Amino acid sequence: MYRFLGLTIHGGLIKRGLDNSDTRVVSASMGFYGRCVSLGFANKLFDEMPKRDDLAWNEIVMVNLRSGNWEKAVELFREMQFSGAKAYDSTMVKLLQVCSNKEGFAEGRQIHGYVLRLGLESNVSMCNSLIVMYSRNGKLELSRKVFNSMKDRNLSSWNSILSSYTKLGYVDDAIGLLDEMEICGLKPDIVTWNSLLSGYASKGLSKDAIAVLKRMQIAGLKPSTSSISSLLQAVAEPGHLKLGKAIHGYILRNQLWYDVYVETTLIDMYIKTGYLPYARMVFDMMDAKNIVAWNSLVSGLSYACLLKDAEALMIRMEKEGIKPDAITWNSLASGYATLGKPEKALDVIGKMKEKGVAPNVVSWTAIFSGCSKNGNFRNALKVFIKMQEEGVGPNAATMSTLLKILGCLSLLHSGKEVHGFCLRKNLICDAYVATALVDMYGKSGDLQSAIEIFWGIKNKSLASWNCMLMGYAMFGRGEEGIAAFSVMLEAGMEPDAITFTSVLSVCKNSGLVQEGWKYFDLMRSRYGIIPTIEHCSCMVDLLGRSGYLDEAWDFIQTMSLKPDATIWGAFLSSCKIHRDLELAEIAWKRLQVLEPHNSANYMMMINLYSNLNRWEDVERIRNLMRNNRVRVQDLWSWIQIDQTVHIFYAEGKTHPDEGDIYFELYKLVSEMKKSGYVPDTSCIHQDISDSEKEKLLMGHTEKLAMTYGLIKKKGLAPIRVVKNTNICSDSHTVAKYMSVLRNREIVLQEGARVHHFRDGKCSCNDSW
């Protein structure tokens, strides 16, 4: 109706020759056509104007902004400056709002320059828009600079800067701003408090979020639905069910139940705290279920691997007139992949196509990531290849997962290729990709590359710090790891339980007993983190390996958690190193109850008994293994030469170049003996002569792989070998000699430890 009326009026103006007579008339016409007819026609009217004043220029810029054509709007704004026309404050504020996305950041900086040239920095609305524009582009220091330059600040100014801090993760600084704001005589409103609640929620800091809520209530403000939703997000993690239920009670008492967003967030909270029955109850009680509510429950059921229930819910969903979207299907596909059923997950992709829902990069990444979580890396890589065949380009999440997989497989060469891809596609700026690169290089035995990437990250997340600390731990670089942790604390980053696992691993792998105790106590006293089994295992391993077996025993007896197989395994390993049979047999008995089929425990006892020449006990353990049908883990090592991975097995399949390898190895050992090498025959757990033991030592897979690397890898390229079990002390010694005699760096990886040999020394300083 209004469109027809507008066209009629404009037609009448044209008939009377008044359509171009007054710029106010033309400007109004441009506004009408831009809103109701066609942006192109509005621009045509502007182009045909014989004379343009400030009103016309500002109107055409606003017309393009309202229509979403921000690039044209910015172009017109530049032309406007050359014409001498003056931009209205409202036009520039709107332009700055549009330039808040990353694509428009450069234009936003130019508009800021225009503001400064015209002396408009006293305009509060303009400055508020500048604060928001800079913060949304991650430029917090520039946001603060604008805020500090403001002579007059209103409540919106304070909310803008406070929101900048919370959205970029600096919530504690935002609390400081809140205090400063109150000192200046301004009373925080609901927007202020919701910004703080949202900031704490995004970091999962439930206690801090609740403290803010209490402070808000003391100030006389009642929480809004947005406040409650943020609070629910903050407690949406395992262990916080009690808090979540308390908030649910508050919602009921204060009649906030009617809000769909609150109800949906409640469902999500119950799912993430692991209480699906309550999530279903909330869902069933909803009067109006939107697509988000359905997707939340389907996602929760899929995550819990209740896939039949998830599919049944999707059928019910369609019956109630809501069509499953890509998010719904992606949840189901991820569930099947996580359950170890990639074929079923790919079937979901087929069903999506049948239903007219186009699978996207998120769909494929969901399956890819699901296989990865399940530890099924081979299937994950197959899915990635299939994704490429379908013509779906990977995004940052895909590449992060791929890098994680390559790190777990120690495929450094492939990891470098993916790194190159990320550079070409400009994905390296993504925080998750950068962190995944640090993780991949650390786990693949290239610590230097991990360090270079890590220190190049501008806004380091807690996850990136944790990855870097674990990298130092893997290499036994204790002093550097502790120094990095100190820098992290100085930067204001608050450590979590994972951080302390990394820090204690740094201490454990470097034999730093005093530092280990210091950080274990600090974790509890300053940060209120309750020690987990992982933390306790690190302490037992640290104390035991350092020779403090009695202290390790006392620690086990007094720890608040019940010792599990991880604890007793670490203790048994320490007893084996220091040949303490009495304590070893106590640990062994506990392990027989906890994990009677773990071959590693049997092998540690065989190792200890053989070193004490108790051959009858060795045979007794071997018989026990046979009776319990415990199979010794296959032993192998591998090395990549060019594009080919060469695997060396302890038994069974031989390498085609075995003759050349043994010839070179015997030659090397002869040279080593002249330099002082004495074979450590205690690594062979058989009652045979030393000469026979020495021959068996030559067949250790890591030695064959290292020797093959020396033969095939010319120049000074490092020799990188991965072994699936712990290396023996003799192989460790041989690697040190090889690094000197052949002037080569050798990187030998065994599980979560990496030994970097250079000039006859190892990065672990023989603490392993």
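Every residue gets a Cβ built from N, Cα and C, even glycine.
Now, the feature entries from Swiss-Prot:
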type	residues	note
REGION	567-642	region 'Type E motif'
REGION	643-673	region 'Type E(+) motif'
REGION	674-768	region 'Type DYW motif'
REPEAT	22-52	repeat 'PPR 1'
REPEAT	53-87	repeat 'PPR 2'
REPEAT	88-122	repeat 'PPR 3'
REPEAT	123-153	repeat 'PPR 4'
REPEAT	154-188	repeat 'PPR 5'
REPEAT	189-223	repeat 'PPR 6'
REPEAT	290-324	repeat 'PPR 9'
REPEAT	360-394	repeat 'PPR 11'
REPEAT	395-429	repeat 'PPR 12'
REPEAT	461-495	repeat 'PPR 14'
REPEAT	496-526	repeat 'PPR 15'
REPEAT	532-562	repeat 'PPR 16'
TRANSIT	1-25	transit peptide
DSSP residue counts for the repeat 'PPR 9' (290-324), split into helix, strand and coil:
26 helix, 0 strand, 9 coil
Long-range Cβ neighbours of the repeat 'PPR 4' (123-153) (under 8 Å; 6 or more residues past either end):
89, 92-93, 96-97, 99-102, 105, 108, 112, 115, 160-161, 163-165, 167-168, 170, 184, 459
Are there residues at least six beyond either end of the repeat 'PPR 3' (88-122) with Cβ under 8 Å to its Cβ atoms? List them, or say none.
54, 58, 61-62, 65, 70, 73-74, 77, 81, 129-130, 132-134, 136-137, 149-152
Give the residue counts of the repeat 'PPR 12' (395-429) per reduced DSSP state, in the order helix, strand, coil.
26 helix, 0 strand, 9 coil
Which range wins on Cβ pairs under 8 Å with the repeat 'PPR 14' (461-495): 154-188, 395-429, 532-562?
154-188
Could you tell me what the rest of the chain brings near the repeat 'PPR 12' (395-429), counting residues at least six beyond its ends with Cβ under 8 Å?
361-362, 364-365, 368-369, 372, 377, 380-381, 384, 387, 435-437, 439-446, 640, 643, 720, 722, 749
Sequence-remote contacts (6 or more beyond its ends) of the repeat 'PPR 16' (532-562), Cβ cut-off under 8 Å?
497, 500-501, 504-505, 507-508, 511-513, 516-517, 520, 523, 568, 570-571, 573-575, 577-578, 580, 583, 767
